[in-house]
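Enquirer: One structure is given below, represented as structure tokens, and several questions about it will come after.
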Amino acid sequence: MAVPSSSTPVLSLRGATKRFGGLVAVNNLDFDVMEHQVMGLIGPNGSGKSTTLNLISGALRPSAGSILLRGAPITHLRAHAIARRGVARTFQLVRVLPSMTVLENIRAGAVFGHRRRWGHEADAFATQMAEKVGLAGKLAMRVSQLTYIDTKRVELARALASEPRVLLLDEWLAGLNPTELGEGIALVRRLRDEGRTILLVEHVMDAIRSLCDACVVMAAGAKIAEGTPDEVLSDPEVIRAYLGEEDA
Amino acid sequence: MTGQELRALILSTLALAAAAALPALGSSYWLTMGVTIAMYTVLATSWALFSGPTHYISLATAAFFGVGTYTTAIGIELLPYWTLLPIAAALGAVMAALVGFATLRLSGVYFVIFTLGLAEFVRQIITWVQNLTGQKGLYVLTDLTEKHIYWQLLGLAALVYLAGWLIARSRLGFALRIIGDDEEVARHVGIDTALAKIVLFMVPGAVAAVAGAMLAPRYIYIEPSLAFTPMLSFQVVIMALLGGTGRLWGAVVGVIPFTLLWEAISASFPNQTTLLLGVAFLVIVYLLPRGFVGLLEDARRRLGGGGW
């Protein structure tokens, strides 16, 4: 295996495939996410985007193919081992820890994630991440008291608190109202400007255009296009996949 | 150490000292009750350490307890009594680790059935071995009196509380709270959920085995149906749930009233004890889902206390 260098992709999928019985949810998928890159994974509903994130994070095991983190295979590792190697994620349907405060939720990432902290150090870092996502002053609140966007912020801060090598955002902007959406996009842009490596599944086109350096477009489990957002969104095959045959 | 922790430590020490003075009353009835209460406190508290955060209902208490009892029964001929307690602890912990490894990856229902079956399984093995050798039971003859057994159990209870307090402050304790809230999140923040549960399950395994080893001299004559009685597992579950599993001190709040009530029931209705045990279980599940602890905390919140 090659020594990781700046030219080694942070994350690589090679022939990644997931079958559920007869259904091929992800079909022979190849792509690379480079360091400091924000990669968008887009496509119509049911095209296999979330399944792809689940394969990377270890929530599901690939049926075939391999997934590499900085050149080292993580294909058959369990989710906790993948998290420790530096993959952090948010969930399509928000998952926060209901019995805990905002600070404790975020500390979960700081204590058990890629870079592990404990005690005051964990608290200080979790607090710093809370401030970064706009939760300053809400640290002692129970998550049940939060607005929807704030629960999403908690999830994001929990993922950031592990200092991941790559951050997976599964429709992090979905379900936000127009005002919140503006705040959400601005927040992800700040993460991008910090030089973080992000793979995001998204439906919001404004977000894709303004945030992503590159996009992979999926349809029916397979990659149908890859390039900058402007390139792929004007690709006839992509338009056909989104709008159907007759409108193309 | 914070002021609150210091206060808790002083209160616990005073409670332990008061409990240790019980034999001074000179009442053999209350000493017997004291042994029963101390035994169930140890068993229910250690049970709740595991089942509270993970929500797995373990019915393996009798299996570990029985193994501990037989450790003393078999070992007393060969080794000094005091060396048998750590041996029982090690056996209980290893057995719990094996059970955990085999079942904790499975969902809760399989775990409950497996742990219930485990006690019966071990009991049948011992019965089978005894049939081969022609023995029916084993005698445990020591100089230990009721008073000594009581003090040993109190010491074990102190250790269980100390272990619970240390676990709650550790990474393991934090990991278990996360697992209890959302296991999927726990895995994805980097927690080896299976390992955390196995390690934690070794605590009630070891504790129940030591308790069994300590109680053996009290029974004098040990046979499988006594050492591995499934009633023990059910009573521990009921007492822990009655007290509440959310707090370390919850179990003892359930153990004391239940033991006294049970004593009254057994004395007045000796033939209906199992029926009344079932009724007690239903009442707890329907009326006190969070046990006495939940009741106390709600009352305290209404009074505007809060924050503890």
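Quick reminder: no glycine exception, Cβ is built from N, Cα and C everywhere.
Those TrEMBL annotations? Automatic predictions, nothing curated.
Below are the features I grabbed from TrEMBL:
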type	residues	note
TRANSMEM	B:30-50	transmembrane segment
TRANSMEM	B:57-76	transmembrane segment
TRANSMEM	B:82-102	transmembrane segment
TRANSMEM	B:109-129	transmembrane segment
TRANSMEM	B:149-168	transmembrane segment
TRANSMEM	B:194-215	transmembrane segment
TRANSMEM	B:221-241	transmembrane segment
TRANSMEM	B:248-269	transmembrane segment
TRANSMEM	B:275-293	transmembrane segment
Enquirer: Under 8 Å, at least three CB pairs between the transmembrane segment (B:109-129) and the transmembrane segment (B:30-50) (pairs 6 or more apart)?
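Expert: With fewer than 3 qualifying Cβ pairs, these stretches do not touch.
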Enquirer: Residues of the same chain, at least six outside the transmembrane segment (B:194-215), with any C-beta under 8 angstroms of its C-beta?
Expert: 39, 42-43, 46-47, 49-50, 53-54, 56, 58, 60-61, 64-72, 84-85, 87-93, 95-97, 99-101, 104-105, 149, 152-153, 156, 160, 163, 167, 172, 175-176, 179, 227
Enquirer: What same-chain residues lie close to the transmembrane segment (B:275-293): Cβ under 8 Å, and 6 or more beyond its ends?
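Expert: Same-chain contacts beyond the flanks: 231, 234-235, 238, 240-247, 249-250, 253-254, 258, 261, 265, 269.
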